[in-house]
Amino acid sequence: KMASASGAGSAAALWSEVNRCGQNGDFARALKSVNKILQINKDDVTALQCKVVCLIQNGNFKEALSVINTHTKVLTSDIIAFEKAYCEYRLNRIENALKTIQSASQQTDKLKELYGQVLYRLERYDDCLAAYRDLIRNSQDEYEEERKTNLSAVVAAQSTWEKVMPEDLGLREATYELCYNSACALIGQGKLNEAMKKLQKAEELCRQSLSEDSDVTEEDIEAELAIIHGQMAYIMQLQGRTEDALQLYNQIIKLKPTDVGLLAVIANNIITINKDQNVFDSKKKVKLTNAEGVEHKLSKKQLQAIEFNKALLAMYTNQADQCRKLSASLQSQSPEHLLPVLIQAAQLCREKQHAKAVVLLQDFADQHPASAAEIKLTMAQLKIAQGSITKACMILRSIEELQHKPGMVSALVTMYSHEEDIDSAIEVFTQAIQWYQQFQARTNYSCCVFQPKSPVHLSLIREAANFKLKHGRKKEAISDLEELWKQNPKDVHTLAQLISAYSLVDPEKAKVLSKHLPSSDTLSLKVDVDALENSHGATYVRKKAGKLTGDSQQKEQGQGDVKKKKKKKKGKLPKNYDPKVTPDPERWLPMRERSYYRGRKKGKKKDQVGKGTQGSTTAGSSELDASKTASSPPTSPRPGSAAAVSATSNVIPPRHQKPAGAPATKKKQQQKKKKGAKGGW
């Protein structure tokens with residue numbers, strides 16, 4: 001009895017200690033007291049519950065869950081359901097947490113709050129939205145603002161990831177969190193300018209809210225603003241302001257925020273800006289996307305985008321095996337997704353294996369008809385790159401949902417024209433026109449009202465007619481032009497084209513049709529002559545009347561037909577021209593044809609010309625004398641070399657007079673050569 005009484009007394013003291021520590025938030029000391037209580041009674045339900053709570057408060061979720069699973073007989077699901085589900089949620093065992101919540105006998109408010117968080121992590125946004133609406137409707141406490149923030153986050157996620165038009169929740173955006181979520185929803189709708197204004201408002205509210213707390217430093221404020229600035233940079237990137245976005249992204253990274261999810265998203269966005277450039281920086285940034293816990297911070301689509309970019313980066317850095325491994329993993333995770341197959345095909349093309357790439361794409365198109373159009377467009381591009389234009393045309397024409405589109409028709413006609421296959425080009429026009437005619441017939445039948453031909457249909461007929469005229473298919477072009485004129489008899493342009501075409505085939509018919517042309521009197525051309533003359537395309541601009549004087553006006557009227565005489569340019573005289581010396585009348589003749597030419601003097605210095613260093617002579621120098629070869633034409637001296645000119649007369653013609661500064665030329669050139677050699681070191 002004495003022992004039991006003392007044990008009861010110590011237990012009471014321990015419970016008092018636990019209560020006091022719990023109120024003070026000292027859960028570490030409270031845990032020690034609880035453990036002592038459990039030494040007295042290991043199956044004490046209250047003590048076990050307190051131990052689990054203390055472990056959760058200290059962040060020891062694994063140990064807390066272990067205690068719950070070890071004492072399942074004592075800690076039943078109706079007693080400890082919330083704590084167990086919360087531990088599973090914090091340990092990222094989201095599916096287990098959902099099962100624990102759903103298996104609870106009673107759905108308390110705490111479980112409903114946690115249920116909403118679990119549904120959000122599972123990306124079940126419709127169910128999550130309903131759960132939070134129910135909570136807001138049936139709860140009245142100090143956490144109402146947090147619930148509204150969570151509700152707006154769900155709406156933003158729907159808009160961003162599911163492209164659902166968000167409904168107006170009527171929430172008053174009094175906090176920066178609500179403003180931020182509203183901006184995210186606007187980004188999902190593509191309203192980038194409005195989203196930027198919301199983010200600027202969120203930044204202002206955040207600064208106001210945090211600056212009221214004296215303990216918060218400027219660094220803390222910047223850290224809190226990092227996610228807002230990251231979203232601003234993302235909008236800039238979407239708007240094409242990549243330099244501004246890159247600068248803001250790098251500023252956020254320098255702050256070293258603790259949110260690994262934010263860092264991973266920013267690093268991924270920088271990699272998308274770099275593309276195949278600045279690969280070294282991208283390889284550094286990709287490490288941020290591999291940080292621990294990233295997979296629990298981001299949505300599935302965000303993680304998928306990061307993995308796609310990793311595969312592309314591996315391709316750009318010539319890591320072929322890594323690229324194949326990543327793209328194969330992505331394809332196994334998302335078999336119906338198109339991008340992994342395109343990455344594999346791109347890698348094969350980089351390895352010059354175009355045939356394998358086409359086979360890979362064809363297999364995927366056969367297995368996934370919904371993506372066949374995009375795949376076939378890629379296949380056609382590969383065929384064009386290989387120079388197989390005709391095969392590319394065949395692939396494009398097999399895309400039934402696109403073959404009648406004006407863009408596709410234009411591409412096919414251009415490609416067939418390049419291959420000089422005019423018949424196939426005309427066939428493309430004919431099939432497209434027939435498709436629109438059938439579509440028109442179906443529309444008329446369903447509406448029971450006659451409708452005019454569509455503008456696309458008529459423009460195709462006109463383009464076909466122009467194409468046929470260009471390539472000499474006049475009769476076929478006439479048929480198309482008659483169809484156009486029948487649709488609009490007042491179209492003068494079409495009538496003129498038709499007359500022009502008939503004039504080449506049937507002139508009489510052209511004369512008959514020309515009677516339908518309006519007379520020149522009925523044509524009223526409203527042309528502003530002054531505006532036309534002053535336009536950028538005008539070749540001649542009329543002088544303004546204000547600048548003309550009376551004399552100049554008379555000159556213009558009286559001498560309008562007189563052509564202005566051109567001034568003769570003075571002829572250029574040679575540099576060595578001397579006005580005192582009479583020019584040689586035979587200066588225009590070649591030297592050999594002049595009367596005073598006596599040929600070159602023989603015997604002088606003939607042995608001094610030869611190969612070797614300067615000043616040296618060789619035995620065979622006489623063989624190099626060009627004067628001994630009758631058929632050798634005279635060669636001009638090289639620039640900078642001395643050329644001796646022989647003459648028998650005392651009078652030197654002007655064309656052969658040596659300039660006054662000639663003797664110094666050689667020295668100047670030698671000085672330049674020395675200067676150039678010095679600069680080369």
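Just so it is clear, glycine is given a Cβ too, placed from its N, Cα and C backbone atoms.
Pulled from TrEMBL:
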COILED    94-149  coiled coil
REPEAT    226-259  repeat 'TPR'
DOMAIN    543-599  domain 'Signal recognition particle SRP72 subunit RNA-binding'
REGION    543-681  region 'Disordered'
COMPBIAS  563-573  compositional bias 'Basic residues'
COMPBIAS  575-596  compositional bias 'Basic and acidic residues'
COMPBIAS  627-644  compositional bias 'Low complexity'
COMPBIAS  665-681  compositional bias 'Basic residues'
Averaged pLDDT, computed only over the residues in the coiled coil (94-149): 90
Residue distribution over DSSP helix, strand and coil in the repeat 'TPR' (226-259): 26 helix, 0 strand, 8 coil
Counts by DSSP class (helix H/G/I, strand E/B, coil) across the compositional bias 'Basic and acidic residues' (575-596): 3 helix, 0 strand, 19 coil
